[in-house]
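Chemist: Got these off Swiss-Prot a minute ago, pasting:
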type     : residues : note
REGION   : 1-37     : region 'Disordered'
MOD_RES  : Ser13    : phosphoserine
COMPBIAS : 18-31    : compositional bias 'Basic residues'
CROSSLNK : Lys39    : SUMO2 cross-link
MOD_RES  : Lys136   : N6-acetyllysine
CROSSLNK : Lys224   : SUMO2 cross-link
CROSSLNK : Lys226   : SUMO2 cross-link
CROSSLNK : Lys286   : SUMO2 cross-link
MOD_RES  : Lys286   : N6-acetyllysine
CROSSLNK : Lys294   : SUMO1 cross-link
MOD_RES  : Lys294   : N6-acetyllysine
MOD_RES  : Ser304   : phosphoserine
CROSSLNK : Lys366   : SUMO2 cross-link
MOD_RES  : Lys366   : N6-acetyllysine
MOD_RES  : Lys373   : N6-acetyllysine
CROSSLNK : Lys386   : SUMO2 cross-link
CROSSLNK : Lys393   : SUMO2 cross-link
CROSSLNK : Lys399   : SUMO2 cross-link
Amino acid sequence: MSHRKFSAPRHGSLGFLPRKRSSRHRGKVKSFPKDDPSKPVHLTAFLGYKAGMTHIVREVDRPGSKVNKKEVVEAVTIVETPPMVVVGIVGYVETPRGLRTFKTVFAEHISDECKRRFYKNWHKSKKKAFTKYCKKWQDDTGKKQLEKDFNSMKKYCQVIRIIAHTQMRLLPLRQKKAHLMEIQVNGGTVAEKLDWARERLEQQVPVNQVFGQDEMIDVIGVTKGKGYKGVTSRWHTKKLPRKTHRGLRKVACIGAWHPARVAFSVARAGQKGYHHRTEINKKIYKIGQGYLIKDGKLIKNNASTDYDLSDKSINPLGGFVHYGEVTNDFIMLKGCVVGTKKRVLTLRKSLLVQTKRRALEKIDLKFIDTTSKFGHGRFQTMEEKKAFMGPLKKDRIAKEEGA
């Protein structure tokens, strides 16, 4: 038989070539939302860290649909988003060949976790980054120069972006080096943007000032790495029949005799995962507050709802597996997102104008699951577990030893 008697589309997309390891660990924003001067000044992106997944119960609000007013169970991802610190302002001018940086101004005080980003080995370095630059803010000549820079930015720039970094010390991670990124400022005139950014130099910006409840956002990140994989796993090609000589997880024909080369479009073994990807339209189900102290008491009930009044935090019993406890502000997104736990994710405002009913649907959570994610969790809170288990032997022994 000289040819197959049927045709089939190729396996795997060529739109994501080359399938190699990403050169950057933090997701890069390749385009920011279009600016609208009629809106108030706001940021367009934020950085967060993937903590893990859980599930929720909510009531669907979709009049006319069969599922309207019915309860549904949905998977959600928790992304921890501690406030970001603004440390710089960048002005861009539009040229025939695209945007060009015009001026960059850094803040007077920059924390060590941000300075670490400018060194390969912080321990062995002199730690002198920005020491000369920061003196500009102290003498008269430097202050005049900075004022001149700000005025020229107001005059010539069309795009204003801030430089902001994450606060690693607030997270349950070993890493001390902060992630640094430029975030575009949209809304208002250039002068208003610059004044807004200047007011917030060295200040913290919380996530609830960037995103809102029920908003659709895009998540940019690097996927979970899988290492070197064969064609069946990497391209999802069909397995060959059982009796095939020299293996069946292969491609039977890798091309014609001539041209005497293998085409780039033929599925081959190689790197799978750790690719840079942008996923659009992830709905925010909840923007949660971190732990806070009120009247001398630690308040943790950020997973309570109007229907589930139990005093519980978003953390499952034992914490999120391979992450730890979420103690800062967090965002709850519908479904899954790219990357492993602890992976830094870039959250960006949607580039599209959302008009679909599903995108504009109001989310009313009834219940957030906080059972242990390590094994078959049964209990929502520690109190519930203690009430069911009764006094344990180890507790009795500890009590006797104490007495």
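Even glycines carry a Cβ here, placed using N, Cα and C.
In terms of burial and nearby residues, how do these features look in this structure?
Modeler: Each residue of the region 'Disordered' (1-37) gets a DSSP state, and the totals for helix, strand and coil are 0 helix, 0 strand, 37 coil.
Counting only same-chain residues at least 6 apart in sequence, those with a Cβ under 8 Å from the Cβ of Lys39 (SUMO2 cross-link) are Asn186, Gly187, Gly188. According to DSSP, Lys39 (SUMO2 cross-link) sits in a coil region rather than a helix or strand.
Annotation note: Lys136 (N6-acetyllysine) sits in a helical segment as assigned by DSSP.
Of all the Cβ atoms in the protein chains shown, 14 others lie within 10 Å of the Cβ of Lys224 (SUMO2 cross-link).
In the three-state DSSP classification, Lys226 (SUMO2 cross-link) falls within coil.
Other Cβ atoms within 10 Å of the Cβ of Lys286 (SUMO2 cross-link), summed over all protein chains shown, number 20.
In this structure, Lys286 (SUMO2 cross-link) is part of a beta strand by DSSP.
Of all Cβ atoms in the shown protein chains, 7 besides its own fall within 10 Å of the Cβ of Lys294 (SUMO1 cross-link).
Mapped onto three states, the DSSP output places Lys294 (SUMO1 cross-link) in strand.
Ser304 (phosphoserine) has a Cβ environment of 17 other Cβ atoms inside 10 Å.
Around the Cβ of Lys366 (SUMO2 cross-link), the same chain contributes Ile56, Val57, Arg58, Glu59, Glu71, Thr305, Asp306, Tyr307, Asp308, each under 8 angstroms and 6 or more positions distant in sequence.
Secondary structure at Lys366 (SUMO2 cross-link), taken from DSSP and collapsed to helix, strand or coil, is strand.
DSSP assigns Lys373 (N6-acetyllysine) to coil in the three-state reduction, outside any helix or strand. Listed in sequence order, Gly52, Met53, Thr54, Pro316, Gly318, Phe320, Val321 are the same-chain residues six or more apart from Lys373 (N6-acetyllysine) with CB atoms under 8 A from its CB.
The Cβ of Lys386 (SUMO2 cross-link) lies under 8 Å from the Cβ of no residue that is in the same chain and 6 or more residues away along the sequence. Taken residue by residue with DSSP, Lys386 (SUMO2 cross-link) is part of a helix.
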Chemist: Relative to the Cα of Lys294 (SUMO1 cross-link), which of the recorded positions Lys286, Ser304, Lys393 has the closest Cα?
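Modeler: Going through Lys286, Ser304, Lys393 one by one, the Cα closest to that of Lys294 (SUMO1 cross-link) is Ser304.
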Chemist: List nothing but the one residue from Lys136, Lys226, Lys393, Lys399 whose Cβ has the fewest other Cβ atoms within 10 Å; the candidates are the recorded positions.
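Modeler: Each of the recorded positions Lys136, Lys226, Lys393, Lys399 was scored by Cβ atoms within 10 Å; lowest is Lys393.
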Chemist: Restricting the comparison to the recorded positions Ser13, Lys136, Lys224, Lys226, Lys286, which residue's C-alpha is spatially nearest the C-alpha of Lys399 (SUMO2 cross-link)?
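Modeler: That would be Lys286, the closest of Ser13, Lys136, Lys224, Lys226, Lys286 to Lys399 (SUMO2 cross-link).
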Chemist: Which of these recorded positions is closest to Lys286 (SUMO2 cross-link) if you go by CA atoms: Ser13, Lys136, Lys226, Lys393?
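Modeler: Comparing Cα positions, the candidate nearest Lys286 (SUMO2 cross-link) turns out to be Lys226.
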